[in-house]
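Heads up: the structure comes next, in structure tokens.
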Amino acid sequence: MIFFFKKRYHVFLKAPSIRLMPCSFFFFRSFIKVIFIIRCIFFSSLSGDSCPTQRSRSTLACMFTSVPVAPTVVPGVVYSSGVHEEWKEAEQKLLDGCLIHSEGDGATKQIKEKLTSRNSQSVRCDLCAKMIESRDEEQIQEHFQVHHAALSLWCREILASKDNLLHYGCIPSGHIVSCGNFVLESAATLDMGRKTFDVIERAFSQMSQVISCFVRNLVLFPFGSCVSCGCWDGVSDADFTAIGLQDMKKGKWPPEDEKKVILRLTAALRKAGFFFGELEPLVRTRVPVVRRVQKVRVPLRSHGEHDTYSVVWSNSKEFSSPPRMLVEAAISSTVERKDSDTVTFHFKDSLKAVKFFCNSAMCGPRDMEVSWKTGSQLPEMFSLDFDLSCRAQGVRNSLFLRKYFQQDPFVRTGYLFLKKWSKLYGINNAKNGYLTSYAMSILWVHFLLENGLVKFVRPADVEPIPDLSQQKMSYLPLLRDDGDGGERPSDVLKSPELTMLRGALGGLIPLFFLYYTRIRWDKVVVTLRVPGGGPPVTPDSLGWVEANEVKCGPLRDRVWYRLCIDDPYEDNFNLGRHLSPDKASFVKVQFMRALASIVAGRPQQLLVDEQKFAEETMPAYVTRLSVQGELRNLRPVTVSALRQLLIDSAGADCVAIYEASHNWETLLDMASTLNNKSKEGDDDAEGVTNNQEGEPPDHVESCEAPRRHLLCSKMHSIDDALLVAGPLGVSDANIPAGLLGVYFLARGRAFRTAEDRDNFLMHAEAVSAARARGCTTREEILERVADAIPSIVRNGTLLDDLLVSGSEENITVQSPVVVETRCAETVQRKKSKGSKKRKNAVRRGNHAGQGTCSECGASGTDLWEASDKSADDGLYCGACWKAYNCQKN
């Protein structure tokens, strides 16, 4: 009957006489909806729905809104994943505020009730982000005792030794000189010169053109370290913000629909040629942004006189006269006609090329396709990673800090070095709830103010509403007050003009760590609102006390006052609000450890990526323990027992740093798997016995227990060989398959630790890059290496081994030109209209366990196979499948 009504309904719509009867049409449409509701109630009662009335209300709401209703799951029925994926997508969109709905929307209420009940029963750990399925305080403490006990004990022991560190006395002058040399050499690589800074300026102009073309009434501004410090290292992310100046002057900015503005900006960038997968709109953060991260980073190229930017314009239908935009583009470019429907425009000016591309994508004919020519030079905006928001505070903050940083080179140089140090030591990581680069700049400037080393700048001296003149980014050399910058690290130590700067940095960096080791965080608020030298601002005066902390709720809503860093402009806003007691202790410990490294004369330890080493070292030591048979006594394997074994082997520092951002589930599963495999081998060996003497036969004895002993013996012999080989390592051809997880491999060599491997890679890549640039003599190569590796880190023995003829057979030398060409060939950016979906496109198939992604190379992640293995037999992670689906759609 339902089919009959639907069929008659469609015939009814086609009848021409009905168009003159709007009233009859309205009543018939209402009748069909009533029949559809009755059908839903009937089938929901058959499927065992406990509340068919509520189900029908949700269905009725779905007919008038765009929110999909949660599917009713019938036991014993296998459903396709598409319905549930749609439900999850709608839930995510509702959380992000992307759906428009009314208060009485039934589907909206279902989603809200589901989320509320789920959030009310669980809480997320602020260290490892694991969901704890209860808000009970005992279970929360149990989670911390199980997964983060080593971190807590490690922090307590180091903080208890603070008095011993402070009573050490004066730092030897030789260590201060070493620190100054290392800081200056490292900082020299953070400013690539005026020509490199021009790249980000041109990229900003191109981004401004894109925004003005697709999103009206918004003006793009730069901010961040490129504005405050006036230089760029050619690698760091850029920060941009799109602001409605007219609305801001009326007090209507940021807009209420800020999340929708971010989505509009994302759509505009995609229309300009950015891939779907490399743009990620983050609308659930405190400041919504769209983040661009490249999977294949395009090498930077300085603009040359003969550079051209090619746009391919094609149309499937011929037109009598060319559109006006083509005529205008032909005037300012070189036109190359390939066939009757494809034209290539070669522009000398990248900004004109971007303007033509955007106008074509927005106003071109319907059957038109415009793309950036594969293999040709791309505009500079495609070579940057960036964050794009629509808040104005970042512009004001950057201009305010620039007034401090431009006072003296040591101010901006010290900040950029500390910014790099804080990222490597894990305390500058806003994504995981630690400090931001902006907070680190406040800490540095506050320290300088308290010691009278910079002049006080009133925050009110910077206007809250940006001016159009502030769109221009002016270059400021890092190490000098004037010039083109781009100092070579090998020259900065020889320059007599930088002697004072080197001495200032060598003394101030240790004093900075000493200042924040001594500070009483419960008595002092770090602020730039008052001049230094006066009475400190206390947490009590601002109400930033423990009694006012928000300890529950979502991570982004929790507020702590263990480390108080005052924002210069936003009232009652603590930049350290996400530092829980455990995180605050970790930050304090890192300040102390940095000071201890300088006191011990090892400043190179300041730029060691401890987080990365811990993530790589822990699985390797679990494998080593399995080979040694240490895990066989742990049945079952527990976290506490495994933790103690790793502390004894890898060290307490490595385990604690790992626990600062991870839990033990992955390592526990790995250890249990290895232990079960070992146990299966033992059971097989014990099951085959000699009937007379109860001993295993010879073939079992030779295959099981001796095999483990041989593997362990081989591992010890490799360890001895590594001690003899030194920093060059040994050939990975000597590593058996069962020991590949124990050692760290790179360029055909094997190493005992991840730090040894990275040290080898640093030297090998420096030598390879020098040879690729045409350096042939030993002196030329060493000169290039001196620009890439600080003197205190440079290993002469390793360089001698690498420069001996024939010793670099396993080191791949890849020319930068080859890399650049390969990147240009793989990046194909186009915007087409009226394109059809691929009929035989593969979809995500079954879960295939964990491993290495065939696309991005991420290891230790969940993988899914393709639905059609004959078309694609790879295994890909969730992020790559998401990017593939976006591009496919």
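Along the chain as shown, the residues are counted starting at 1.
Including glycine, each Cβ sits where the backbone N, Cα and C put it.
Swiss-Prot lists C125, C128, H143, H148 with the feature Zn(2+) binding site. Neighbour density for H148 (Zn(2+) binding site): within 10 A of its CB lie 20 other CB atoms from the protein chains shown. Under the three-state DSSP scheme, H148 (Zn(2+) binding site) falls in the coil class.
Contacts of D237 (Mg(2+) binding site) defined by a Cβ separation under 8 A and a same-chain sequence distance of 6+ are given as G224, L384, D385, F386, D387, in order along the sequence. Annotation comment: Swiss-Prot describes D237, D239 as Mg(2+) binding site, evidence class similarity to another entry.
R286 (RNA binding site): 10 other CB atoms within 10 A of its CB, across all protein chains. Secondary structure at R286 (RNA binding site), as computed by DSSP, is coil. Per Swiss-Prot, RNA binding site is recorded for R286, and the stated evidence type is similarity to another entry.
According to Swiss-Prot, the compositional bias 'Basic residues' annotation covers 829-846.
According to Swiss-Prot, the feature domain 'PAP-associated' maps to 505-572.
Per Swiss-Prot, region 'Disordered' is recorded for 675-702 (among others).
Residues or ranges marked as region 'Disordered' in Swiss-Prot: 829-849 (among others).
Annotated site 'Important for catalytic activity' per Swiss-Prot: D387, in sequence order, evidence recorded as similarity to another entry. Cβ neighbours within 10 Å of D387 (site 'Important for catalytic activity'), excluding its own Cβ and spanning all shown chains: 19.
Non-local neighbours of the zinc finger (123-151) in the same chain are 432-433, 552, 554-555, 558, 578, 580, 582-583, 586, 639-640, 643, 647, 652, 655-656, 659-665; each lies 6+ residues outside the stretch with a CB under 8 Å from one of its CB atoms. If you look up Swiss-Prot, you'll see 123-151 marked as zinc finger.
It is 27 Å from the Cα atom of H143 (Zn(2+) binding site) to that of R286 (RNA binding site). The number of other Cβ atoms within 10 Å of the Cβ belonging to H143 (Zn(2+) binding site), over all protein chains shown, comes to 20. Each residue in D126, L127, K130, I132, F144, V146, H147, N663 lies on the same chain as C125, C128, H143, H148 and has a C-beta within 8 Å of the C-beta centroid of that Zn(2+) site, without being one of the site residues. The shortest Cα-Cα distance from D239 (Mg(2+) binding site) to any of the binding-site residues (C125, C128, H148, R286) is found for R286.
Long-range Cβ neighbours of C128 (Zn(2+) binding site) (same chain, at least 6 residues apart, Cβ-Cβ under 8 Å): H147, H148, E659, S661, H662, N663. For the zinc finger (123-151), the model's average pLDDT works out to 88. Per DSSP, the domain 'PAP-associated' (505-572) is made up of 24 helix, 5 strand, 39 coil.
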